[in-house]
């Protein structure tokens, strides 16, 4: 009996010694009792499934015994590339039990992440597009190659997007809602604004790229880290099954306190071949203290003003890769029209849009894109900030690049296994990342919040006015000067039903979508 007791105590001591670290987040705003658990890289699918089964049993036992937390349990599961993990609401004893599993890498408190933009009243004209295609400030035209990002998909990981805004011309779709608020729209305006800069017909850089809305922040512009990691996971899987991660860009105009879990998720997305543009933050401090800006493999973007100075609010430091226009940027607002915003949130989508543009033009992908952007940029930023290793402002090199790509990639050719015409779609559950886009128009069916969005429908999604409400603590913005929109022939008086039937019915619809996703 004594020997058995000795062995038990020894095993307990070994388990405690090998327990995973439960990270502390003393300076962050945390979500009560919510945690993110990351498994080690060598965790197999069987190990992960076994851990989840064990967790369910342990959690149920602990809650039954103590009954201290309401609505507890696992919420998100992460499984892409080498990264496996999950998030959930657990009591302290359950977290200690989780950390004892030798397959667990670390446990991190769930923290609040916010957008890096702010609404400002301004009547200045939009200047960012002209600046990134001309060698000097003050130009009035945007010069670009007609390829304009065609064949590239941009994932807006943000507050959602008004996908029906006229500036997107039907190239934007709703993807996923990880906020689980049942509100599949952009109630703040932030995500619609950043998306307009990336792919809008009038406001955008990559004017022919597609866009997928991934909502990870609520209408107040904030959300938990666990949901953002889930949004990254969803985006990678959707890209992998719809054209490939090497033809995908992700923009993250958000950030918060340093998070190992968020940085790890961002790094895994880059490892899968995606390009990630991340806002540096608006605190006029070292960006190295925030996530995901501090992740070395992403392209971290500071903000510049019209005179090529660093914007007064922009973060700085060793994490900065590039600068882009971010002060007084006019772009799309929910419900139609435009508004002006400032922030590194506005700078990052300039980089994401230019990345999509270059990926289509030169065939590059992943981490090579950030290096190419640095090569094409101009060394013109003044007062880049303490410890900032670069003063490079992005530039498209004048339509064709201006400088030759030293390692041009071959033009992608269609796979011989792909049919020349899309096959008829088969019924499937809406919201799966790999669900193909239909060859014929069909009515959309409702999807559950938090699941990948539906394929392009044959009829437009029913629109409704969006509030475009200001961020907390800000006054409502005055409407920016309205730009003439002519997204369809005939202006405001054209026959929409006749236009839709003519251009989006029957065989024309099939041919359009055959090339759209291939």
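Positions of Cβ are set from backbone N, Cα and C atoms, glycine also.
Residues 175-198 are the range that Swiss-Prot records as region 'Disordered', among 127-150, 151-174, 175-198. Among the ranges 282-312, 313-343, 344-374, the stretch that Swiss-Prot annotates as region 'Disordered' is 282-312. Under the three-state DSSP scheme, residue 345 (active site, charge relay system) falls in the helix class. Taking the Cβ of residue 190 (active site, charge relay system) as centre and 10 Å as the limit, one finds 31 other Cβ atoms among all the protein chains shown.
Per-residue pLDDT, averaged over the domain 'Peptidase S8' (126-400), rounds to 94. According to DSSP, the region 'Disordered' (175-198) comprises 9 helix, 3 strand, 12 coil. With respect to their backbone Cα atoms, residue 345 (active site, charge relay system) and residue 158 (active site, charge relay system) stand 10 Å from each other. When DSSP labels each residue, the region 'Disordered' (282-312) comes out as 3 helix, 11 strand, 17 coil, counted as helix, strand and coil in that order.
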